[in-house]
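J.: Let me begin by handing over the structure; questions about it come next.
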Amino acid sequence: SRDFDAGRIQVKMKDGRMIGLNELVKVSRVEEQPQSYYRINGLNSIYLSVVAEETANQLALSKEVKAYMDGIRSQLPAGYEIHTGYDATEFIREELNRIYLRTGVTVAILLLFVLLITFSPEYLFLIVVSLSVNMAIAVIFYYAFGLEMQLYSLAGITVSLNLVIDNTIVMSDHYLRRGNRKVFMSVLAATLTTIGALVIIFFLDEKIRLNLQDFAAVVIINLGVSLLVALFFVPSLIDKIGLERRKRISPSKPKLKLKLKSGQRMGSVRPFMWIRSKMRRVPVYFSRFYRWLIRVLCRWRVAVCILLLLAFGLPVFLLPEKMEGDGKWAEAYNKTLGTSTYKEKVKPVVDKALGGTLRLFVQKVYEGSYFTRNEEVVLHANANLPNGSTLEQMNALVKKMETYLSGFKEIRQFQTSVESARRASIHIYFTKEHQRSGFPYTLKANMISKALQLGGGDWSIYGLQDQGFSNNVRENAGSFRVKMYGYNYDELYAQAEKLKEKLLSHRRIREVTIGSDFSWWKDDYTEFYFNLDKRRMAEEGIGAGRLFSAIRPVYGRNMEIGSVVTEEGTEKIKLSSRQSEERDVWAMQHYPFEAGGKEYKLSELATVEKRQMPQEVAKENQQYRLCLQYEYIGSSEQGNKLLKKDLEEFNGFLPMGYTAQAEGYNWSWGGKDNRQYRLLLIVIAIIFFITSILFNSLKQPLAIIFVIPVSYIGVFLTFYWFRLNFDQGGFASFVLLCGITVNASIYILNEYNSVRKRFPRLS
């Protein structure tokens, strides 16, 4: 009950007497000390996360949740509020609106070009109906294969519209010209190259594949359906509507016949006649320019090939500064390309002259790339206090920053989380109209000034496009990392100490830290470490468990010994020793205690040292894990070699079930070995085999493949000039270009072979 009094609990003594618990200990009923704080806009808050099921419609569910929240909000008592902390569907709605707009604009532009080129409403009707049928059939396959319609899926629909219309135009134009469907083989080959390029997405690393697999699946389905539509539906519809190819008109004497309605003057149609005549002359002008360009390129083919090669670039800038080994090649390389004269005077010039756009992309774009996610603009502020601080001290520090932030109406919401006595964070969200303005940067500058005024702790403020701020002066924890695994924690820690001693035996390694996880900064967290004298304890017949059981009642704090059920719920019963507040570490080592019927001093059985220790016990794949970090004074290459050698020797002596391995880290979004770029070679191989079958030749496919590097020049320059981040979207552009750029080449080369077959004597 609520009137429960723990002091009235009866305790039986050894002589059989019963006494009250309050005669042995001081009993008090107090509110449990908070372990953390969480606030929204400076008010104590409870965070409720609503996660949609995998098959749920998030947009519809969001509306239902908001409606339910509105009902709760009207029933809350005064002083209580309910807010939406984060709504993932807001970003989804914005992206959907953009995709709908882009899709509409894409379709409008494509249809406008068709109308301007053909000036035929019937032809435009053919394209619109074919596209509609294609998408209607594709939706059936989306459902059959269980595809989810999300942002990447809709983006795939937008991208594939151009390819779908392309297949329709090629088939319809050929059918109108020749009256047969022989062009389908080239359409099939061109489409299969694009599908083959997209298939490799399903073999990528999981992080990239999850983003792009729905995109690839939608494009593949649309292209597959477009083949069937182009082969069967388009010719049938042409015959049904009686569409005929426009008769060739003499370029020198264009004749236009316009039927005027009653009352319509000739002057009102003259602008239309002039535009139509000029549009019909465009193919003539283009053919003349194309013929002139082909002659020039054929005449200077060697110079053009060299120019394109240099524009793409040779990877001379990737040559190593020095080649390891004692062979002839290594010796010759080090005496020529490895000399200081070459590296300082010749290499910068050669790299720029021969590196081309590839050098700009690799050095200026790719090396600074990162994996991105489009999210809301959020400003983050983290506070840190040194070891030994209390939760109340951290809470008081963060409240001062909260008071400062509460005065800005441009802030939609700020969420505060005081996780522990040493760490707290504030996440600041802005109103929509101020997200893309200069206010976040102004607020960041003001927060930096406020953090410097507050003092008492370290602050780091980041989250915008510019550089972050930190007044943390902690030393770097080290760039060399080792993970150790084992099934017994005590044994694992003992082995970690041995590896630490082995590493410290090298003069270039000064300090090695052992923790439960890796950190960028050295932590000042320390604990008192009991170094047990196992030999003496064995002689006295005392185990580690008995030793700790003997000293814990005297020095223990907040020991949970039970619980009681009240009207308000379960309340814990905790026990704290009065001596734990009165005695220090020296007293713990030298005051006698009883164990096994004899009195001992702790100093006789163990030594107490203060040292850095792991803050928690971590497990990975059901194994205990410890992480060692250190800095090597010297070249990183030499440090890696030394670490590799030490680990090979150390692993040979480790007991079965224990391992030690070096942990590398990589900033690239694509993984450690960039496996996804090797898959591009598979795409090129797929294109080669498909075109070899189509052309019945092993030489002509090479001309098709050589177009791919030329198209990459545009990608390199786009990312470099516009300073775009190269992430999963950039890789998707590489994959798509492999398939798309060869399409036009396949059509042209197939038509070229067809003409040569019909006119063998044509030079």
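Positions of Cβ are set from backbone N, Cα and C atoms, glycine also.
Positions annotated as transmembrane segment by TrEMBL: 99-117, 124-145, 183-203, 215-238, 298-318, 677-695, 702-722, 728-749.
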J.: With CB pairs under 8 Å as the measure, which of the listed stretches 99-117, 124-145, 702-722 comes out on top against the transmembrane segment (298-318)?
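T.: Looking at each of 99-117, 124-145, 702-722 in turn, the most contacts to the transmembrane segment (298-318) are made by 702-722.
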J.: Per the 3+ Cβ pairs under 8 Å rule, pairs at least 6 apart in sequence, do the transmembrane segment (215-238) and the transmembrane segment (677-695) touch?
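T.: When sequence-distant Cβ pairs are counted, the transmembrane segment (677-695) does not touch the transmembrane segment (215-238), since fewer than 3 lie under 8 Å.
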J.: Counting only residues 6 or more past its boundaries, what in the same chain has a CB within less than 8 Å of a CB in the transmembrane segment (124-145)?
T.: 107, 111, 114-115, 118, 153, 157, 161, 164-165, 168-169, 172, 217-218, 221-222, 224-226, 228-230, 233-234, 237-238, 241, 243
J.: Relative to the transmembrane segment (728-749), which of 99-117, 183-203, 677-695, 702-722 accounts for the most Cβ pairs at distances under 8 Å?
T.: 183-203
J.: Six or more residues out from either end of the transmembrane segment (677-695), which same-chain residues have a Cβ under 8 Å from its Cβ atoms?
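T.: Tertiary neighbours of the transmembrane segment (677-695) are 185-186, 189, 192-193, 196-197, 199-200, 203-204, 670, 701-702, 704-705, 708, 734-735, 738-739, 742, 746, 749-750, 753.
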